[in-house]
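Take a look at the structure set out below.
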Ligand code: ATP
């Protein structure tokens, strides 16, 4: 039953709300500064439903189901069955063909729904959240839980989850392109507006679901949710965004069509040959041709490939890599360059301040992690904020200019946790180590305004009223950020409590200290303040304070030096990339020396003096020069996110398949441009996550490498699968060709129903098993495939038809003649009916099934011996083998099937023959694999 929703009352119309003042708005929406109470939330949820967009058009399950019975091959089989039923003297053959068609359709439907269930489950792993104030407290809730009247908090990078009226805004800019197509950010504010003659999207004090925050922050009151939002009203349009087909799926689609055409041509040739050469009745000739067509059409191809991609996506999700589109799995496998940022991806992002530096002293900070235990020493003597005012003010300034919070361990979380940016959290921790009372400090020195951090400026500022004056100043700005840039903005310096003009020697000393720490891989932030009471002509409203206005003429206080060690698993992942011929380029916002030190420590750069290109240089270097630089070891440092786009696009021009990481709003263009955009799940903004193809739920570089490995494995598995299904074509075609070419002197060794039994019966599960084969050893020691490499290579075609296919055909025909010979029938007097004939065809069928058992083992590895990877390790294949043997017994022992499939029970000798069939098939291939391994190792030695 459909949920009855309350219609939007008119008094909530966007234009009505936009002309109300804050208090009237609260009254109208029955809410307040402290947000809703839990009872109000409950009532409104019951009244308005949940904040979700309901799909209007969903393809019906029935339609999906029926599609599996209307493919080209299915139509041919319906038709063939009808001919057999109505025009031959074997109507049971018609029924059998239809039955096989139904079973095959059900199987494809089952595969398809498993694949779509896997991708559906994935969508649920990407919930979107909203920050609200409820009962006076800030809370993070699922976006679908928002109700009208909720007080919503948004900041740069957030996706807006409901329509809302802005009541307080700081430099708010919103990207409304999802609704209006306008890609430039639109400024929004909290001012009352009449809205007369304006379209809803022009209202400056309204924000809309489906849009994103490109800049600033705001507080807004939710007015409409779900289908009542402007986004909900046009959801029909956006829902056409459905699952697009991946290049691989398109290639396979094309391949299936091409092969189907070839199959039909072969069928036509066989049809005419059967009629004119062997003088068979037309209906019989048609059924015969049908067998050939079915033998060649790779029917299970698309559903199996979709399923193996979906399964890979599921496995990747368990390994912390959420892939948003199936197509990304294949692109991942072809990745040749990974551009990775440093902080949090290659490093642990668990910062600990280990030194604090002022122009007069260096303080050493003890203790690792976020626990506030540890002491501060200067020249070996322990000190605290009480004893050392210079230290106290440096630490106060740094932690007042911070938005992060550190939560102590509790029952659920045994470790200290951080809410917000770890770079900021560690500043709070060191303040506590110095004995400062953070809570009191924040209360006594209220923050009036924030100029938020942005990675192009590389600093942030907060403005405070101080109750305890700092050098007589009571209204100050505290700024922290990248040292070089900060030092350039300072005109004075604080040395041992005295403030004087900064000299070039001071600047040099600051940079010397900075470089000394950075060379050890440490991250350095400078801290400064400005006495705003001394600044003339400042605008009245804080909202008019801009970074340009405030962040100048500052007093340098000191440096905060923090350790952010590399993640443990990263060095091994980097080595794996080197082995796999994948380049890693560090593109970081951090300082060059810190970046190089970390890059060396984890093995990204191996030379002694890699080239460091800074954002500044990048702005002045030509494309040609940059391309040359990209040929060597290079580290990009102090790069603004916007500059990543250029690096990515030049790498692509050089023929690379590029994966790039990012987390901020400004990373979005590079994430979209890259072949694989990788967003950080923990620290990433909604905008970055939306622009990316893959989201790392643990922000860890090693997860990218595992995903690449999985991508390579899937591609290889699809090739293995193709090899397997094509190789039986030859052994299915050869018996029919022998029948035609001998003008029926060799009675048909494999009947049409037997061909159907192999293609749509026994081959299915083992083929599926190849789709989930584990990565073969050495898969990460070869270069990535190039974009031009076709899926179905000449090598695979040759191996399928003229290696495995020929071996299988020889064995199958051998089995047929062996059985005939056992019964005294030789060429010239081979029977075409009776028990001997049936036994012989049963043996052809059995031999193909048993050689396919050998073939599936052979296909599992390209070079490694199947005995080293474990012949019974792949459970799906094991089940497939048992299934095909059981099916074979069923077909040859159950009387009902014996008539339809022209089979007969076999004797001990015949069974022995069949059981031995896989032996030469596997043995010959093992010899080839051993030879190939030797050649490969020789090649490696001569390199
Ligand atoms: P990466 O790009 O590898 O993630 P990063 O964190 O250093 O490294 P950004 O986030 O772009 O890159 O930061 C650039 C610089 O800005 C930092 O190196 C640091 O000097 C400064 N910075 C980072 N976070 C803050 C912050 N919260 N407040 C002030 N300055 C900061």
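For all residues, glycine too, the Cβ spot is worked out from N, Cα and C.
Where the annotation comes from TrEMBL, it is an automatic prediction and has not been curated.
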Here TrEMBL annotates transmembrane segment, and of 238-258, 259-279, 322-342 the range meant is 259-279
DSSP assigns the residues of the domain 'Cation-transporting P-type ATPase N-terminal' (16-89) as 44 helix, 1 strand, 29 coil
| message | Would you say the transmembrane segment (911-931) and the transmembrane segment (840-857) are in contact under the rule of three or more C-beta pairs closer than 8 Å, pairs 6 or more apart in sequence? | response | yes
If you count CB pairs under 8 A between the transmembrane segment (801-820) and each of 65-87, 285-310, 877-896, 911-931, the winner is 911-931
